[in-house]
Amino acid sequence: MDRELVMRFLGTGGAVPSKDRSHPGLLVEFSGTKLLIDCGEGTQRRAMEQGVTIHDVDAVLLTHHHVDHVAGLLPLATTVDLLHGRRLKVYGPTAGSESALDISDLEVIEYREVNPGDEVEIGDLRVLVYESEHGVPTVDYRIETPKIPGKADPKYIRRVPPSKRREVLLRGERPYSLTKPGKISVYVKGDGRPADPENVRGCQVLVHEACFEDHEEAVRYLHSTHLEAAEVAREAGVDLLVLTHLSTKVDPERMREEAREVFPVVVVARDGLMVRVRR
């Protein structure tokens with residue numbers, strides 16, 4: 001089984017894109033399974049520029065239906081239909097009255113509504129759904145791999161019959177295992193007020209929106225700041241915090257330095273960033 005989950009940040013901007021930051025799009029890959037979280041304008045082109053194929057994704061996970069998160073969905077679904085002759089599987093919350101796209105009327109999309117508390121198995125990944133406060137139906141996603149066996153010690157594993165080795169490594173028995181067994185978990189925060197640290201606990205990586213630097217502005221528009229994201233990361237005990245969905249108004253370098261005063265391991269995402277999470 002693969003021991004690595006890869007996250008590729010296709011778009012890291014806010015509602016207004018810039019020359020450096022496009023509308024949101026995050027590709028998660030593990031053991032042949034591909035999930036695309038949100039699909040803003042131009043997502044296919046950005047993937048091509050980064051040398052990534054997304055027309056073979058297993059599913060798209062929408063955090064909500066604002067236009068900056070869904071404008072690239074119909075073009076991608078059309079590509080999937082033309083190249084593969086199938087409908088694009090899309091999961092997300094109820095569209096609501098502010099939806100930018102009436103997905104239910106699109107023949108090239110197979111839409112499944114998810115709600116907070118739901119769990120979905122997609123390929124080799126398990127997806128848990130949590131509520132986000134954003135004024136419209138919005139969700140966060142916790143993505144987990146299956147349990148990964150401990151890494152074998154070649155000096156000792158030969159003593160175990162081949163048919164028993166996986167069982168031994170899944171238990172993490174010493175001296176046969178060099179590492180403890182476990183799973184990879186990442187939490188992707190949809191637009192909205194800060195994530196609940198209890199929902200994030202146990203994850204290695206927290207991807208959190210940081211649309212604003214100013215707290216009052218974040219509260220007014222139901223978004224989050226970099227400092228609030230850092231507080232969540234500290235309370236949840238993650239290994240890495242990645243800030244994304246940045247407004248054109250913010251200073252990314254200042255945000256990173258200020259966030260590091262609260263939580264030490266912070267990366268401000270940029271379009272093209274790749275994060276590898278190993279077990």
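Glycine residues also receive a Cβ, built from the backbone N, Cα and C atoms like all the rest.
The structure displayed is predicted, hence computed values, not measured ones.
Swiss-Prot has this to say about the protein:
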type: ACT_SITE; residues: Asp68; note: active site, proton acceptor
type: BINDING; residues: His64, His66, His134, Asp191; note: Zn(2+) 1 binding site
type: BINDING; residues: Asp68, His69, Asp191, His245; note: Zn(2+) 2 binding site
Secondary structure of His66 (Zn(2+) 1 binding site) (DSSP, helix/strand/coil): coil
Residues flanking the Zn(2+) 2 site, with Cβ no more than 8 Å from the Cβ centroid of Asp68, His69, Asp191, His245 and excluding those residues themselves: Gly14, Ala15, His23, Pro24, Asp38, Gly40, Thr63, His64, His66, Gly190, Glu209
Extra residues within 8 Å (Cβ to Cβ centroid of His64, His66, His134, Asp191), Zn(2+) 1: Thr63, His65, His69, Ser132, Gly135, Val136, Thr138, Gly190, Gly192
His245 (Zn(2+) 2 binding site) CB neighbourhood, other CB atoms within 10 A: 28
List of residues, in chain order, with Cβ under 8 A from that of His69 (Zn(2+) 2 binding site) and at least 6 apart: His23, Pro24, Asp38, Cys39, Gly40, Leu62, Thr63, Asp191
His64 (Zn(2+) 1 binding site) CB neighbourhood, other CB atoms within 10 A: 26
Of the recorded positions listed as His64, His66, Asp68, His134, the one whose CA lies nearest the CA of His245 (Zn(2+) 2 binding site): Asp68
The residue listed as 'active site, proton acceptor' and His134 (Zn(2+) 1 binding site), distance between Cα atoms, whole Å: 14
